[in-house]
Amino acid sequence: MQDLKQRPVSVFREFLDSEAAGGIILMVAAALALIVANSPLAETYFSVLHAYLGPLSVSHWVNDGLMAVFFLLVGLEIKREMLDGQLSTWPRRVLPGIAAAGGMLVPALVYVFINRNNSAALSGWAIPTATDIAFALGVLSLLGSRVPASLKVFLTALAIIDDLGAVIIIAIFYTSGLSLAYLGAAFAVIAALVVLNRMRVMTLLPYLVLGAILWVLVLKSGVHATLAGVALALTIPLERSAGVGHDLDHSPLHRLEHGLHKIVPFFVIPIFGFANAGVSLAGLSLGALIEPLTLGVAAGLVVGKLVGVFGSSALAIRLGLADLPAHTGWSHMIGISLLCGIGFTMSLFIGLLAFASDVALQDAVKVGILAGSFVAAILGAAVLLMAPAAGVAEEETE
């Protein structure tokens, strides 16, 4: 019984360790992309991205194909945490849920306010709403034991809810030109996946085969293909197979999630970062940095996330709706709110969807994301370094 109670903690530790290491690799991949895009290899770099492999360009294979695997992992994490983890009860969901809501609403409002006179840019309102869990945990990992474990749990839970919000935003606001025939076929495949789940089929292969078919149908339907990964994830059983005991570690969901944790942080996300972070800085001036689109993204990530996450958390705590994470104080919450402004992967992805046909606007978005995420990471790390070490109580929390 003791082992069963401790299992979610060990799984969560594994998740944190994997994502932190992946975040560091992602930083290297993004930096390398910037270097290559501003070197004599730039022409080759962009030519490879626009080269076609079959029906899609390399860039599309990365953004529609590999990112579907990323969204599959996101969906698996959301399902597991909601049913058997850090978000399995309402008290556990309250603070990260409220913080995530504030952390999505306020950055969007900041972006819209700055771009209120720039109608062409308004479709990018969702870009600064995202938090990159890989990058954020990568920064936290560099701070070591100074960061309370409860703060890492809070950040991860917040980011999972944030990812769920991003999935909903993409499905509602960044889907167009629907093909009802392909969409109907996709729903038929989803129904078949649900039937497999209800029949307690515990072998992963039929789910993965139908998932591949679902990806093709969703791609053809006009809905963004990455959402096929989320739909597949929600049908993967969390129950254990008969005769394996009571440990949910043997469930199909956990087995697939465990396998993807070896692929996504160290392969999928770095490739996405390398393929999308490359932007030419030639001719970049201070004026370009304060263009409404770029400034809106950067300010949304830094100011919007700080005000949104910290403000909503503080309000919830003061109203008695939630408690501070264990062994943390307000300075920790300020630091973690700033780190939520690291919005690399999902922000880039939404930016590509928002301005799919305008490379100039995509580049402006990338500069804003890189600048905002860099500032948020530096400020957040600095605040957490100055905060009391883990386990030291702060008078301000009393």
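Using N, Cα and C of the backbone, Cβ positions are placed for all residues, glycine too.
The feature transmembrane segment is assigned by Swiss-Prot to 21-41 (among others), with sequence analysis given as support.
According to Swiss-Prot, the feature transmembrane segment maps to 56-76 (among others), an assignment based on sequence analysis.
Packing against the transmembrane segment (94-114) from elsewhere in the chain are residues 87, 122, 124-129, 131, 154, 157-162, 165, 292, 295-297, 299-301, 303-305, 307-309, 311-313, 315-317, 321-323, 325, 337, 340: each is 6 or more residues past its ends and has a CB under 8 Å from a CB in it. Per Swiss-Prot, transmembrane segment is recorded for 94-114 (among others), and the stated evidence type is sequence analysis.
Only residues 6 or more beyond the boundaries of the transmembrane segment (124-144), in the same chain, are considered here, and those with a CB under 8 A from a CB of the stretch are 16, 19-24, 26-27, 103-104, 107-108, 110-112, 115, 151-152, 155-156, 158-160, 162-163, 165-166, 169, 173-174, 265, 269, 293, 296-297, 299-301, 304-305, 339-347, 349-351, 354-355, 361, 365, 368-369, 372-373, 377, 380-381, 384-385. The annotation transmembrane segment is assigned in Swiss-Prot to 124-144 (among others) on the grounds of sequence analysis.
The transmembrane segment annotation in Swiss-Prot covers 153-173 (among others). Same-chain residues lying 6+ beyond the ends of the transmembrane segment (153-173) with a Cβ under 8 Å from its Cβ atoms: 12, 15-16, 19, 71, 74-75, 77-78, 81, 86-87, 92-93, 95-97, 99-101, 103-104, 126, 129-133, 136-137, 140, 223-224, 226-227, 230, 309, 325, 328, 336, 339-340, 346, 350, 353.
Nonlocal intrachain contacts for the transmembrane segment (176-196), taken as residues 6+ away from its ends with a CB within less than 8 angstroms of a stretch CB, comprise 206-207, 210-211, 213-214, 217-218, 220-223, 228, 231-232, 235. Annotation source Swiss-Prot lists transmembrane segment at 176-196 (among others).
If you look up Swiss-Prot, you'll see 201-221 (among others) marked as transmembrane segment. Listed as Cβ neighbours of the transmembrane segment (201-221) (distance under 8 Å, sequence separation of 6 or more from its ends, same chain) are residues 64-65, 68, 72, 178-179, 182-183, 185-186, 189-190, 192-193, 227-229, 231-232, 235-237, 239, 241-242, 251-252, 255-256.
The transmembrane segment annotation in Swiss-Prot covers 263-283 (among others).
With a threshold of 8 Å between CB atoms, the same-chain residues lying at least 6 positions outside the transmembrane segment (284-304) that come near it are 103, 106-112, 114-115, 117-118, 121, 124, 127-129, 338, 341-343, 347, 351, 361, 364-365, 367-369, 371-373, 375-376, 379. Sequence annotations record features per position, and here Swiss-Prot assigns transmembrane segment to 284-304 (among others) based on sequence analysis.
Annotation source Swiss-Prot lists transmembrane segment at 306-326 (among others).
For 333-353 (among others), the entry in Swiss-Prot reads transmembrane segment.
When Cβ-Cβ distances below 8 Å are used as the criterion, the transmembrane segment (367-387) is approached by residues 30, 34, 127-128, 132, 135, 139-140, 142-143, 146-147, 277, 279, 281, 284, 288-289, 293-302, 305, 329, 331-332, 334-344, 347-348, 351, 394 of the same chain, each at least six residues removed from its ends. Feature annotation from Swiss-Prot assigns transmembrane segment to 367-387 (among others); the stated evidence is sequence analysis.
Panel annotation: around the transmembrane segment (306-326), residues 91, 94-95, 98-107, 110, 148, 150-151, 153-154, 158, 332-334, 336-338, 340-341, 397 of the same chain, lying at least six beyond its termini, place a Cβ under 8 Å from a Cβ of the stretch.
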